[in-house]
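Q: A single structure is presented below for examination.
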There are 2 protein chains.
Amino acid sequence: MKWLPRALAPMLPLLLLMLLRPAWAVEEDGYDLWLRYRPLEKTAQAQLRARATALVYAGGRGAIGATGEAAVAELRRGLEGMLGAAPALGASVKDGAIVLGTPATLPEAAALDLAPLGKEGYLVRSMRLRGHRVTLIAANSDIGLLYGAFAWLRAASTGAGVDFARELRSAPRLQLRVLNHWDNLNRTVERGYAGESIWNWWALPEIRDRRHVDYGRANASLGINGTVLNNVNSKPDILTAPWIAKAAAVADTLRPYGIKVYLSARFSTPLELGATKTADPLDPAVAAWWRAKADEIYKSIPDFGGFLVKANSEGQPGPQDYKRSHADGANMLAAALAPHQGVVMWRAFVYAHEKPDDRAKQAYDEFKPLDGTFAPNVLVQVKNGAIDFQPREPAHPLFGAMPNTPLMMEFQITKEYLGFATHTAYLGTMYEETLATDMGNGNGTVARILERGAGPKDQPRSLTGMAGVANIGSDRTWSGSHFDQANWYAYGRLAWDPRAGAREIAREWVAQTFSPDPRVTAPVVDLLMMSREAVVNYMTPLGLHHLMGTGHHHGPAPWVDDLGRPDWNPVYYHRAGRDGVGFDRTATGSDAVAQYAPELARRYADPRATPEPLLLWFHHLPWDYRMASGRTLWTELVARYDLGVAQAEDMRGRWLRLKPAIDARRHAEVLMALDKQLLEARWWRDACVAYFQSVSGLPLPAGAPAPERSLDHYKSLRFPYAPGNG
Amino acid sequence: MKWLPRALAPMLPLLLLMLLRPAWAVEEDGYDLWLRYRPLEKTAQAQLRARATALVYAGGRGAIGATGEAAVAELRRGLEGMLGAAPALGASVKDGAIVLGTPATLPEAAALDLAPLGKEGYLVRSMRLRGHRVTLIAANSDIGLLYGAFAWLRAASTGAGVDFARELRSAPRLQLRVLNHWDNLNRTVERGYAGESIWNWWALPEIRDRRHVDYGRANASLGINGTVLNNVNSKPDILTAPWIAKAAAVADTLRPYGIKVYLSARFSTPLELGATKTADPLDPAVAAWWRAKADEIYKSIPDFGGFLVKANSEGQPGPQDYKRSHADGANMLAAALAPHQGVVMWRAFVYAHEKPDDRAKQAYDEFKPLDGTFAPNVLVQVKNGAIDFQPREPAHPLFGAMPNTPLMMEFQITKEYLGFATHTAYLGTMYEETLATDMGNGNGTVARILERGAGPKDQPRSLTGMAGVANIGSDRTWSGSHFDQANWYAYGRLAWDPRAGAREIAREWVAQTFSPDPRVTAPVVDLLMMSREAVVNYMTPLGLHHLMGTGHHHGPAPWVDDLGRPDWNPVYYHRAGRDGVGFDRTATGSDAVAQYAPELARRYADPRATPEPLLLWFHHLPWDYRMASGRTLWTELVARYDLGVAQAEDMRGRWLRLKPAIDARRHAEVLMALDKQLLEARWWRDACVAYFQSVSGLPLPAGAPAPERSLDHYKSLRFPYAPGNG
C-alpha cells in the first residue's frame, strides 16, 4: 500500500481514522471480490459526495420489496465504503439525490423509453427531476433497479462514471445467464479448485450461510440470474423431499438478487428411487412421476428455474438406454416443467461408449438431426469446443448448425485444463475468441447465434442463454486465487453482453478489485491479457490438445497410450510419430471439418489457411513442415513451449514490479501462485519437449534448453491426491 | 449489539469512528476466535492505557527472534484492538511500560526465581524496575515470553487482570500438548465437521496460507506446542520427499509460535514404497530405512516432533503382522528418532479383527503386559475411555495400570459422537470428568497420572503429554460453529493444566469470545456447562453407549444388528431385550471391571455403588430395576430422554434471551444451530424410546410424549452424504 498514503494524503482525517483500526481488520483477503468499495481519492470523493446527497426509492418505504431493499442496501454499502458515510433512505428528492424508480412508482420514468430495456435492463441518467438535479436509476422492475445500482457503483468505483457525461443504459442480450455448479451432495466439487462447495447441504435448511447473500450480491452485480446448484453428474437424492427443502432455503436467500435456482436431474431418478419400473421417457408412469415431482418442487420454490441434464454421456443414464432420442428425453421433462414456466437445459456434451472415430464429431452427429424437434422450453447446452474445455479449441460446429433449436453456450470458468486455480489464465480472451468466431453460412458470430436463439430471424426470440461452470468454492477468495475471480467476472459480463470486449472487462475488474489508478490497471490488464496465451504455449501450442495427466488432468502426460478406450489417451489426440504430429480432421482423416459451414470447412481443410493456433487440431503434418515463420514445425513447436515459459516469467516479473502499488497480502499471495505457475510451466515444457523429441527422433533446435530431467522422470510422477476429482 | 452503545457511550469518539466504517467490516464472523481484542469499556481502557505506555523487549531490537517478534506483535495487536492504539516497540523503560525479559536479557529477571517455570513457563508481575513501575513479562525463553504475553492479554481482555492485584505465574504441567489432525492428503478430514483441512497440501510448499499464522497464534495462546498434521489412518506418501517439503513449509510458519510439527506414520511405509521387502520392525533393513527417513526429515525440519502411529487397529498395518509386539514396533521407530530428540506417540486404541469378547477390554489386555518395555522416547496414547469417544465413558482402565510407561491422554475435540458441529456440547466438563477420576491404587486422579509420567514418583519426570483430535477446518469459524471453538480452547487450557476447572475455562472463553460483561458471561457459561449433559441425556443416558448410526455416526440407530462383526452393532453394546438392558461387565459378564484398581472395580461391580450415569455401561439390569429416584429403570430411561430434549429447549431459550447482548450475526448463527439441535434431540429421543419400547414391550410411562413417527420411519432414514467419512 506504499503508494496509497500519497494519493490519500489530502484525506488525512479519514486516513487517521483507518490507522486507528487494528491493522488486520483492513487486510485484503479477497473475500470482497470486485465489490470492495474502498475510499476513493479525494477529488473523486468530493464529486461523488455531491451526487449522493440523498437516496430515494420512488415507491416509498412502504412499497419496497426484498430486491428494492437489496438495491438500496448496496448503494449505501458502496457509499459508506467509498465516502465514509452514506445517506439513509429518504423520501424527498433534492439536488444530488440518487433516485430509484420504475414506471409504476415514478411517473417521470414512463417518459424515458424504458420498454426496450425489458424486465432486466436499466438506465442510469444524470437529469433534472421535479426541479432538482438527480441521478436517476430507472428500470421496468426492481431487479432492473438492482442491476442499475450495481452499474452506477461500478462506474463510481472505477472512476469511469463519476461525472456521468454519458448515461448508462443496458439490457442483457441473453435471457438465461446461469452458473453451473459441479457441486456434489457431499460438498466436494468436481473440477473444483477453490475448496468445498459453498452449499453446505448438511447444515441446510436450518442453518443458512451468510456467504450465500454475498454470492447473490456478486452475481447480481454481473447480471447472472440463475444457478444450477448441483453437479451434472447428478444423484437421485437431489430430487427427494429433504433436498428440495435444502434447495428451497438457498432459493429464498438468492431470490432478492434475481437469481433462480435450478437443479441437475439424473435421468433415471424415478427408477432409482424405486418409484417406477423404468426411466423410459415415453412410459406414461415415468412422465407422470416427473410431472408430480415438478409440482412438488414448485410448491417449495415457486420460481424454480428448471433442470439441467447430462444424459447418455460418460456413463450417465439417458433416453438412449430405451432407444429414445435426446429430444424424447428432454421434451418429457420439459412437459413436466412447462406449466410452471420451467426450462430444460439439455447438454450436447455426449461422449458415449461406442465409436471412437473422432470424439470431436459425436455431438454434432447426434444432435444436428434433432434440430427443430425440441419443445420450446428446452435449450441445448453446447460446450464452446467439441472436445472438452481445452486451453484452445475451435468453436463447436453445432453453433449455426441447429437454426431451429435454441443453443446455450457452456463455458468452463473453473480451470480444469488450464492449471487449476494455481495458474493465472484470464479466460476473458478465450471466451471472446469463441464468441467472436464467425461460423459462416450467414449466421455471423457465435455471439449472434446465441442471441438469436431458435427460429426465423425476424420472429420474436426464443429462449437464449449462456452457462458457465463455476469456479466458486469455500476458499476465502471464492475462486481459489485472486486472479481467478476475474474469470467469474468476465463470464458474467459476457453472459450479459456476448459482444463485450475481454480487455475492457479486465480493466473494469482490475479497477474495482485492485485500484482504479492507471498505474495499476494498465500493467495488470496487460498481464491478464497475455496470460491465457502463455498457458496455451507451455501446455498445448499450435492446436495440440488433450495432453494432460489422466483423471485429475494435472500436468503433462502426452505419452499416455494405455487407457481403456482410444479416445481417453493423449496419443489419440496428438498422433505424434516419426512422420509428424497432429490430428487429421480433413477429408483424408476424420473429416470433422465437414461439420463446419462450407466457408469455414474450406479454411480448416487447408493447413495454409488454418489459423496457426489451430493447425494441429485439424492437420497431421510432418516435422519439417514449413511454418509461416519460416521455421520447421518441430522448431516452431519447441519455440512455442519456450515462449510459454518466457511468458510465465514475464508475468511474474510484471507482478513483482507492482509491489509498491498493491496491498501486501494479495501481492504476496499472487506472487506465490506465479512462482508455482512458473515451476509448472517449465515442467510442462520440459516433459512435452522430451516426449515429442523421443517420438520425432530429432535433435533439439539450436539454442533450445534441454529438458531438466529425463522423460522417465516425468513419466514417473503421480498425483493421487489432486483436487477436483471428488 | 444493542447493549453496547450504552456501555460504550462514554467513548463516543472511538464509537463514531467505528460507525464510519462500513458496517460489514466489523461484523463478527468468528474467525478471530478468542483473540478478538475488541475495544474495552472506558474505565478499563483508561486503566489499561496507563499500564501500556511503552513496550520494551529487554534484549533490544537486535536480539529479538521470530518468537520474540510474535510476542511483541501480539501485544501490539491486542492493545490496538482494546485501546485503539498501541505503543511501538521501544528501548527505554518508563512508568507504565510493558517489559519482556529473560534472565539472559534482563539481569533483574534472574532474581525472580524463574527456574521452576522451566522453558515454557512465564511470570507476569506488576513491579518496580529501574525506578519505574512496569509490567514485567518474564520467562526463561522467548516462548515463555510469548505465553506470558498471551496470559497478560487474556487477563486484560477479560477484565480479570487489569489491576494485577495478583501476579500471573504459570508453567505447563504436561510437556507435549498436541493436536492430532485427522486430515487426509486430499484435504478431507476424517470426523471433521468444519470444512476441509486447513493444510492445502496441493498448494504447498510454494503457496503458504496466511491462516496458518493465525492457527499458530491461537494455539500459542493456549500453550499448545505440537501438531500432528495428518490422519492416524496414514498413507505412505506423507513420508516421501514432496510431502516432507510441504510439512516443512508448515513447520516454518508454526515455529515462531513454539509449535512442533509431527506426522502420522503408516507402519508399512517402506514396504509399500517398495524400499524394503517387509515392514517387520526387527528386520535390519526396515530399521535402517526408518533411520535414514528420520535423518531426511530432520534435514528439512530440524525441530520435527516425531511420529504418531496407529498400528494393528481397524485394519492398519503394524508389528503384529510379523508376530512382533507393539513395543517392538514403537521402539524401532523410537530408535530412528532418538538421535534427533524425536518421540513416538503410539496409540493404544487397538481394535483388532478377532475376539469380540468385550471390545472395552482389548487395549488393556494388549498393553498392560508391555508396561516398562517401551523406549524412553515413546509415549502410549490412550483414549479417555475404552470404547471410542462416546458422550460418556468411564476413565480408561489403562490409566494407573502402566506405571512404567508414559501415558498420553487422547481426547477427541471434534464431536464425532456428540452431534458433529451442529450440537452445542461443551466438552470441558467431559474432559474434567475424566481427568478428575481417581483411579485408585494410590495413583490419584487421571490428571496426576498424566503429570507423573512413567517411573518412580520421586524421580525426574519422564515424557508427559496430552493429545486432542482437532475440530479445526477451513470453515470461517475454524470449528464449524461458534460454540465449538470453546472445545478447542478448553482442550488447550487443560493440556497446559489438567487440574484446571471446566467452568472457569468456560468463563475465560466466553469473556474473550463474546464479552467480559457478566450479563453475558454468566448465562452463556451456564448454557455451556449444561450442554454436554443434555447431549448425553437425549443420546445415551444412564451409561448407554454406541447407539449411533453406522459409519457416519450421525443420529440414533440402536436397532442395528446386522453388521460384519458383533462389536460393530449397537445391539452388542446395549443388549436390550425383554429381560432388561445394559452391558454386564461384572464378573458374571465380560468382567471388564477387573481391569480397574480393586477399589474402583468393587464400586463398578455393584449396581448400587456404580454412579448412575455409568449404570448400564457396567450392568445389565431388568426394566423394573428400582433407581435411586424410586422410578423403574424403564421410567427413568424415558425420563432421561425427555430431560435431554427439555435441556436442548432450555439452551435455546437461554440463548434467545441473550439477543440484545450478542452481536447480530453470531447470535443468529448460534440460534440456527440450536434450532437444528433441538430437532435432532427430539429425533434421538423419539427413535430411541420407540426402539427400546419395541424391545421392552412396556407401555410408555405416564406423561411421556409418544414418539412423533413410527420406529420404521426412523429405521428408514439414510445419510449417504454425511460429513466426516472422508
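Placed from the backbone N, Cα and C atoms, the Cβ positions cover glycine too.
TrEMBL labels come from automatic prediction, so no person has curated them.
From TrEMBL, here are the annotated features:
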type     : residues  : note
SIGNAL   : B:1-25    : signal peptide
DOMAIN   : B:33-152  : domain 'Alpha glucuronidase N-terminal'
DOMAIN   : B:167-478 : domain 'Glycosyl hydrolase family 67 catalytic'
ACT_SITE : B:E314    : active site, proton donor
ACT_SITE : B:D388    : active site, proton acceptor
ACT_SITE : B:E416    : active site, proton acceptor
DOMAIN   : B:480-703 : domain 'Glycosyl hydrolase family 67 C-terminal'
Q: Which residue, of the active-site residues B:E314, B:D388, B:E416, has its CB surrounded by the fewest other CB atoms within 10 A?
A: B:E314
Q: Measuring Cα to Cα, how many Å separate B:D388 (active site, proton acceptor) from B:E416 (active site, proton acceptor)?
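A: So the Cα of B:E416 (active site, proton acceptor) lies 10 Å away from that of B:D388 (active site, proton acceptor).
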Q: What does the DSSP secondary structure composition of the domain 'Alpha glucuronidase N-terminal' (B:33-152) look like, as residue counts for helix, strand and coil?
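A: Once the DSSP states are binned, the domain 'Alpha glucuronidase N-terminal' (B:33-152) shows 50 helix, 27 strand, 43 coil.
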Q: Express the distance between the Cα positions of B:E416 (active site, proton acceptor) and the residue listed as 'active site, proton donor' as a whole number of Å.
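A: Taking the Cα atoms only, B:E416 (active site, proton acceptor) lies 17 Å from the residue listed as 'active site, proton donor'.
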Q: What mean pLDDT score does the domain 'Glycosyl hydrolase family 67 catalytic' (B:167-478) have in the model?
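A: The predicted confidence over the domain 'Glycosyl hydrolase family 67 catalytic' (B:167-478), as a mean pLDDT, is 96.
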